[in-house]
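Listed features, source Swiss-Prot:
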{"type": "BINDING", "residues": "CYS64, CYS67, HIS68, HIS119", "note": "heme c binding site"}
{"type": "SIGNAL", "residues": "1-27", "note": "signal peptide"}
Amino acid sequence: MALKSKFLVGSILATFILNGFSSPAQALELDEDTRTVTLDGKGNTVVLSVEQIKRGKRLFNNACAICHVGGLTKTNPNVGLDVEALSLATPPRDNVSSLVSYLKDPMTYDGADSIAELHPSIKSADIFPKMRSLTDEDLFAISGHILVQPKVVNEKWGGGKIYY
């Protein structure tokens, strides 16, 4: 029994050492091209700072990852946070400005109805407490994180359970 425990601990430690220290997302050694995302519907771009990306990741993990781990959507697996799905929404949500608007007052994928009572947002912060203290700067960082992830983890981001 002790041999199995030692083997398990050794395997976990080896996995952490091999994978944990080599991930570019973990080290956040991202070049300017990777940190450049679309700012608005006009095609303007913005280069996020490493600090904004770190902050966006931390805030996303705290407020969003319970339902959107890996860019998936647990409540509707057909609509992920990958760039293609975001671009096909109405209005398109494939830029920082539109994602910030969505986080303030979320709409259905077709843009027809508000879903603020069902989806965490600034508008529904009274029933989703994790949204209460988020500022516009926080929403900008979260949106930037969402748009940078496809460049960092490629098709894994929003790609489905086959990758996790």
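Cβ coordinates come from backbone N, Cα and C, glycine included.
All chains included, 13 other C-beta atoms sit within 10 angstroms of the C-beta of CYS67 (heme c binding site). With CYS64, CYS67, HIS68, HIS119 listed as the residues that bind heme c, the site has a largest C-alpha separation of 12 Å. Its own atom aside, the Cβ of CYS64 (heme c binding site) has 18 Cβ atoms within 10 angstroms in the protein chains shown.
HIS119 (heme c binding site) has a Cβ environment of 20 other Cβ atoms inside 10 Å. There are 18 other CB atoms within 10 A of the CB of HIS68 (heme c binding site), with all protein chains counted.
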